[in-house]
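What TrEMBL says about this protein:
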BINDING   H63, D101, H219, E223  divalent metal cation 1 binding site
BINDING   H64  divalent metal cation 2 binding site
Amino acid sequence: MQRKKLVNHLNEYLKPFQIKDYCPNGLQVEGKPEIRKVITGVTASQALIDAAIEKQADAILVHHGYFWKGEDQTVTGMKKRRLQALLAHDINLLAYHLPLDVHPEVGNNAQLGKLLGLTLERPLEPWNSNSVAVKGKLSEPMSAADFAVLIEQKLGRKPLVNQAGDHLIKTIAWCTGGGQSFIDLAASQGVDAYLTGEASEQTIHSSNEQQIHFFAAGHHATERYGAKALGEYLATQFDLDVEFVDIDNPV
C-alpha cells in the first residue's frame, strides 16, 4: 500500500493530534513510497533496524521512536548510525508514543489489562480523557503474592513487588512504561494496588505510607503489547505482511 495511505490511516486511528507529547508522532523518517512488509517493535533500536533490514522490511512501526524533546539535535554517533541505516535501506520509520499508550483497543494500557484479566473502567485522571494512567478491577480478589505470580506468568519476568499490608487486591490502577509518578494519585483514589513498568526510590515510601501494593513489571515488558496489537490490526485492514520483533530489554 502507499505510505501516505498508511500514515493517514494510523493518524486517523490513533489521533495523535489530540495529545500533547514529547516527540513527533507519525512518520519520523521517510523511506520508500510503497509498503508491503512492516516490522513492529517497542523501540527503534539498532537491533530492531538490523532485523528489519534482514527481513527486507519497507517500514518499522514502534512505540519509542526518535527526536525527543530536549535531546541533542546533532546527528552524530548512535543517532547517525541508526538514521544512516534507515536511509540507506529506504525504510520508513513510524512512531506513536502517548497515542499508543492510551488507545482504547490496541493501546498499551488496554492490552496489558487484557493480558492480566483486568477490567479497565476509567481514566485515573478524571479530568483527562486521554489519561496515560487508568484504573479498574481484577476479575476476582487476589493477594499481592498471587498477583505477582500472575504478572510473572503472563509477562515472562519477575516483577519488583512492594507489598504494603495484607489486604487483597480488588481494585487497581496501572500505567505501562515509566508511570511510577502516578502512585500518589492512585492512592488518593483508594485503589488497592498500582502497577507500572518502573520504580523510583520514593515510590516504595509512597506505597508503604499509603498502604497501596506496588508492582513494577518492566518498562519494556509492559509495553510489548501495544505495538504488537497495532500491527495485528493493520494486517486485518490491509494487504500487509506484518511481523512483531521483540528485542528483549530487562528494564
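Using N, Cα and C of the backbone, Cβ positions are placed for all residues, glycine too.
Feature map: annotations from TrEMBL on the structure.
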residue	record	contacts (Cβ under 8 Å, 6+ apart)
H63	divalent metal cation 1 binding site	V42, T43, A95, Y96, H97, L100, D101, N108, E223, G226, A227
H64	divalent metal cation 2 binding site	V42, T43, A44, A95, H97
H219	divalent metal cation 1 binding site	T176, G177, G178, G197, E198, N249, V251
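Excluding the listed site residues H63, D101, H219, E223, the same chain places V42, H64, H97, L100, N108, T176, G177, G197, H220, T222, G226 with Cβ atoms within 8 Å of the centre of the divalent metal cation 1 site Cβ atoms. Packing around D101 (divalent metal cation 1 binding site) is summarised by its Cβ count: 25 other Cβ atoms lie within 10 angstroms of its Cβ, all protein chains included.
The DSSP secondary structure for E223 (divalent metal cation 1 binding site) is coil.
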